[in-house]
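One structure is given below, encoded as structure tokens.
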Amino acid sequence: MKDEVALLAAVTLLGVLLQAYFSLQVISARRAFRVSPPLTTGPPEFERVYRAQVNCSEYFPLFLATLWVAGIFFHEGAAALCGLVYLFARLRYFQGYARSAQLRLAPLYASARALWLLVALAALGLLAHFLPAALRAALLGRLRTLLPWA
């Protein structure tokens, strides 16, 4: 069982570490711009770091759920790769947003595409799981013909 989900677990742990990094950046920005909790407003430089962290945190549960469903029901490697792309895009998003609101846009779109791909993989995997066995075998046979490397 562990071998079947090791990549998903590694990407999950990397995601948790990335969330911790974002939180530490907010703590650092609070000190640099003298914004004490519970305040969430201050100079624009602080607010951008704060918003970037909050935005990343808001999407993290969606990311985790789709990562695991796609990895278990579709393909672990494909889901893990999409997960890595998503996390890298979120890191770039955070770094860009910390510098300027405009610099967040390209990584935001990249992370959204990766997340939607995970949603699609999860949905396809679940659909295949619930199809009758004969229909599933026929569809997988055709898919293997079209995509021999898969």
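Using the three backbone atoms N, Cα and C, a Cβ is placed for every residue, glycine included.
Lifted from Swiss-Prot, the feature list:
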- R31: active site, proton donor (ACT_SITE)
- R104: active site, proton acceptor (ACT_SITE)
- R30, R51, A52, Q53, V54, N55, E58, Y59, Y93, F94, Q95, G96, Y97: glutathione binding site (BINDING)
- S36: phosphoserine (MOD_RES)
- 1-6: topological domain 'Cytoplasmic' (TOPO_DOM)
- 28-48: topological domain 'Lumenal' (TOPO_DOM)
- 70-73: topological domain 'Cytoplasmic' (TOPO_DOM)
- 95-104: topological domain 'Lumenal' (TOPO_DOM)
- 125-150: topological domain 'Cytoplasmic' (TOPO_DOM)
- 7-27: transmembrane segment (TRANSMEM)
- 49-69: transmembrane segment (TRANSMEM)
- 74-94: transmembrane segment (TRANSMEM)
- 105-124: transmembrane segment (TRANSMEM)
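If you take the CA of the residue listed as 'phosphoserine' and look 10 A around it, you hit none of the recorded positions from A52, E58, Y93, Q95, Y97, R104. The average pLDDT the prediction assigns to the topological domain 'Cytoplasmic' (70-73) is 98.
Compared over the recorded positions R30, R31, R104, the count of CB atoms lying within 10 A of a residue's CB peaks at R104. Residue counts for the topological domain 'Lumenal' (28-48) under DSSP (helix as H, G, I; strand as E, B; rest coil) come to 11 helix, 0 strand, 10 coil.
Annotated pair V54 (glutathione binding site) and R104 (active site, proton acceptor), C-alpha to C-alpha distance, rounded: 14 Å. Sequence-distant neighbours of the transmembrane segment (105-124) (same chain, 6+ residues past either end, Cβ-Cβ under 8 Å): 59, 62-63, 66-67, 69-70, 73-75, 78-79, 82-83, 85-86, 89-93, 96. Between R104 (active site, proton acceptor) and Y97 (glutathione binding site), the C-alpha separation comes to 5 Å. In this view, V54 (glutathione binding site) is surrounded by 12 other Cβ atoms within 10 Å of its Cβ, with every protein chain counted. A gap of 19 Å separates the Cα atoms of Y97 (glutathione binding site) and R31 (active site, proton donor). Spanning the residues R30, R51, A52, Q53, V54, N55, E58, Y59, Y93, F94, Q95, G96, Y97 that the record associates with binding glutathione, the maximal Cα-Cα distance equals 23 Å. Across the topological domain 'Cytoplasmic' (125-150), DSSP classifies residues as 20 helix, 0 strand, 6 coil. Counting only same-chain residues 6+ beyond the ends of the topological domain 'Cytoplasmic' (1-6), those with a CB under 8 A from a CB of the stretch are 71-72, 76. Beyond the ends of the topological domain 'Cytoplasmic' (70-73), by six or more residues, the same chain brings 5, 7-8, 79-80, 82, 118-119, 121-122, 125-126, 128-129 to within a C-beta distance below 8 angstroms of the stretch. Looking at Q95 (glutathione binding site) and the residue listed as 'active site, proton donor', their Cα atoms lie 18 Å from each other.
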